[in-house]
Amino acid sequence: MHCMAVHQFSPSIVSSLPTISTYNNNHFCRFFTPKTSISPISKTKSKSSTCYPIQCTVVNNSSPSSTIVRRSANYEPPIWSFDYIQSLSTQYKGESYTRQLNKLKKEVTRMLLGLEINSLALLELIDTLQRLGISYHFKNEINTILKKKYTDNYINNNNIITNPNYNNLYAIALEFRLLRQHGYTVPQEIFNAFKDKRGKFKTCLSDDIMGVLCLYEASFYAMKHENILEETRIFSTKCLKKYMEKMENEEEKKILLLDDNNINSNLLLINHAFELPLHWRITRSEARWFIDEIYEKKQDMNSTLFEFAKLDFNIVQSTHQEDLQHLSRWWRDCKLGGKLNFARDRLMEAFLWDVGLKFEGEFSYFRRINARLFVLITIIDDIYDVYGTLEELELFTSAVERWDVKLINELPDYMKMPFFVLHNTINEMGFDVLVQQNFVNIEYLKKSWVDLCKCYLQEAKWYYSGYQPTLEEYTELGWLSIGASVILMHAYFCLTNPITKQDLKSLQLQHHYPNIIKQACLITRLADDLGTSSDELNRGDVPKSIQCYMYDNNATEDEAREHIKFLISETWKDMNKKDEDESCLSENFVEVCKNMARTALFIYENGDGHGSQNSLSKERISTLIITPINIPK
């Protein structure tokens, strides 16, 4: 994925994203996966995770005389049981742990404020806080430091030589990444200082392997047409690959006089970056990995930071477990999981998405509400993708569009409960906003669901007619049919307080979605396709982006996958550029949009992390939600 930026990109794929389409279907549903029982694994014998198109005959209760042939995806039941989820407990609750955390927080604050503003140590400390997942505690301090750094080095002084670290690749690349991450448009030309007279990066830079790794990570903050950053990506990739090859040679290790711990740490970090760059990773997963695999082994490990990071992770995890238990009780009470055995019951996986979107302890309401949406999107997606007839799907779409609970009697029996739960859930969310802000947002929320269901319906029509869409047609529909737009629209109202007329004008909900939402949704769609398209085609579904590209260009599957990865990289460049028309959108909301893309890449990195319930999915859920980090007493 790291090499994708060297390709040419067709701007029509992103720039022609539609105003609210009247199409249908979704793959956002593949967001969710396992299920476990008290053990924690259910004692019920698991079925194969492969989805097969199975024909089954079902009598339509609405029309007793008619027999309908329906498809089945043969989804596994959930492995995470209600009883197991309710049994989750942790010791990391209560005032004693909070007092301990606050004491450590004061010590870390003193560290931050005690370092000289232009020191490399200060940059490294900020980077370490981020990778340990605790930088959110010091948001104001970090923002103040970086603002002063940017002002001193790039506003008041236009000459790079005034930067004391100007000839240090590691320091400059780290500073560039941190400043761009926080919204400062540091010029890419800063890296020209590391080029020779021919305009090529100096070969001696490869001796600074951590500097090259920082350069590689910095290149992912590129925007469109930033050619210097494209060059840094190519150069750093080549250097890192050569280093990895050298480290496989025992003689080279002796020549370089590196100890095994240093080599292993470097190789771990490089492999980790090649899998996904830091900019594309979710905070919570990165924190657990960095704590477990890297930080304790570092020679300059700070015991205060380490203790603070582990304790904070466990305290926040205890809040996540409470949120999950609340969600589990809601899911049990609405009884959808047991009534619709053709659909995926993916409660735990839905919650994992929410942890990726907003993990901080203070956002419990956001997680509890938004996780319901993930669950409902999965269920409704399976109705459209697998079970419903075209006539039934048109009825359901019309009912959502008219938003009248009286229409429930016009629906087939199996659709009544999903429609009723959807109607009640969205109205409940609207009521919460009305109480808190005296603002009626039901029309906005409803519209996002209407858009989604129309997209589902259009994809169903494609399927039943055997239509082969072009890649452009598919992406114009697919960025909406993935369902992420529904999540983000609801997230906006959860995270924005107060809601102003200027905010609503920026959203332009009556016409189209903001670019930041479109971009996040497109990455989510493409990541989903990379992870799930084979299984979906096996069970009977419309062609995905991979197959559309193969059809359009007479390409192989490998070539198509490379192109989809390239589109993801190009869309990230669009998302890296702040749209002035969206400047009034809150920082929290913009970050959640980016986190949607990051979480999709995390979920689908190694296949269908939402629906397959494989060992990797179970391990991720366990480490992030269930199992605390060991803290010796």
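Positions of Cβ are set from backbone N, Cα and C atoms, glycine also.
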Among Arg329, Arg332, Arg344, Arg598, the candidate listed by Swiss-Prot alongside Asp381, Asp385, Arg525, Asp528 for (2E)-geranyl diphosphate is Arg344
Residues in the motif 'DDXXD motif' (381-385) per DSSP class, helix first, strand next, coil last, are 5 helix, 0 strand, 0 coil
For the binding-site residues Asp381, Asp385, Asp528, the largest set of other C-beta atoms within 10 Å encircles the C-beta of Asp528
DSSP says Arg525 ((2E)-geranyl diphosphate binding site), in three-state terms, is helix
Pairwise CA distances across Arg344, Asp381, Asp385, Arg525, Asp528 (listed as binding (2E)-geranyl diphosphate) top out, in Å, at 19
